[in-house]
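Colleague: I have a structure here, written as structure tokens, and I will follow up with some questions on it.
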Amino acid sequence: MPHTSKLNLKEILSSARRQGWAVPHFNISDIAMLRGLVEAANELRAPILVGTSEGESDFLGRRQAVALVSAFREEHNLPIFINADHCHSVSTAKAAVDAGYDSVHIDLSKLPLDDNIAGTKKIVAYARAKNTDISVEGEVGYLVTDSSQVYKRAIAVPVESLAKVEDAKRFIKETGVDRLAPAVGTLHGIAANAPRIDIERVQAISKALGNTILVLHGGSGAPDEQIRKAIAAGIANIHFSTDIRLAYVAALREFIMEHPEETTPYKILAPAVEAVRLKAMEKIKLMGAAGRLS
């Protein structure tokens, strides 16, 4: 793959799908997180997606987040892209398109399938009318947790929450999305029990959908071996948020406790940037994304 920021996201995801690796997706809440992720991607010569949830978008500002990512992309000549993660309404997804996001994830997965399809179709049409390079992601089945936090209890994943092959096929046929996030056993956040990714379900959906890019949400709680198997089964884009947040917060807390007199924000944040860099490098290597920009 050429080393250039001019590659678009769709091309990179297609390469990952064909070659058997996955594009990393990390959520950001501020410029410190983003800086750590960019440093990791630059050091390992890897393409990455960074995402903002609805809450993160409200905090950062959509246009501001797009501008930050664009600035880092141009400075380092790296294919770094920004995704509007888990837009739970057509209006928030449209706002992301209007702000210049490279990717929009419209998540209406907790609605009946007919309503999910209808809303997703609106965003596909809206996005493509604005910019044909925008990658649109939809979701079938649903994750039983909504927040990237650490749960002290075990959490069961009911079979009825998982994506069905026939629903995935219908969804792709009727919406025309570029990427599909099927619920296959993971959680948002980290529970007391490690999730079990339904690899056979991933394989079946991958086989049924051909070249459609499959996305795995809730990667933080999954064991490394499960991640590798999911990629081998057809997953080409994996989301990590909780792991990055935990690394960031732990480094921040440790520094503040050890240096209570320090009041300079960039000095306080420096260890958090480094912690994010190290954790992101670990995940980039796990997904086989390192060295893909030769």
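Placement of Cβ uses the backbone N, Cα and C atoms for every residue, glycine included.
Predicted automatically and left uncurated, TrEMBL annotations should be read as such.
According to TrEMBL:
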type	residues	note
ACT_SITE	Asp85	active site, proton donor
BINDING	His86, His188, His217	Zn(2+) 1 binding site
BINDING	Asp107, Glu139	Zn(2+) 2 binding site
Colleague: Once the chains shown are all counted, how many other Cβ atoms turn up within 10 Å of the Cβ of His86 (Zn(2+) 1 binding site)?
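Modeller: Total other Cβ atoms inside 10 Å, all chains included: 26.
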Colleague: Between the Cα atoms of Asp107 (Zn(2+) 2 binding site) and His86 (Zn(2+) 1 binding site), what distance do you get, rounded to the nearest Å?
Modeller: 5
Colleague: Determine the Cβ neighbour count for Asp107 (Zn(2+) 2 binding site): the number of other Cβ atoms within 10 Å of its Cβ.
Modeller: 26
Colleague: Relative to the Cβ of the residue listed as 'active site, proton donor', which residues of the same chain, six or more apart in sequence, are found under 8 Å away?
Modeller: His25, Asn27, Gly51, Thr52, Ser53, Glu56, His105, His239
Colleague: How far is it from Glu139 (Zn(2+) 2 binding site) to His86 (Zn(2+) 1 binding site), counting Cα to Cα, in Å?
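Modeller: Cα of Glu139 (Zn(2+) 2 binding site) to Cα of His86 (Zn(2+) 1 binding site) measures 9 Å after rounding.
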Colleague: Across all chains shown, how many C-beta atoms besides its own are within 10 angstroms of the C-beta of Glu139 (Zn(2+) 2 binding site)?
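Modeller: Excluding its own Cβ, Glu139 (Zn(2+) 2 binding site) sees 25 Cβ atoms within 10 Å.
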Colleague: How would DSSP class His217 (Zn(2+) 1 binding site) in three states?
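Modeller: For His217 (Zn(2+) 1 binding site) - judged by DSSP and reduced to three states - the answer is coil.
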Colleague: Kindly assign Asp107 (Zn(2+) 2 binding site) to one of the three DSSP-derived states: helix, strand or coil.
Modeller: coil
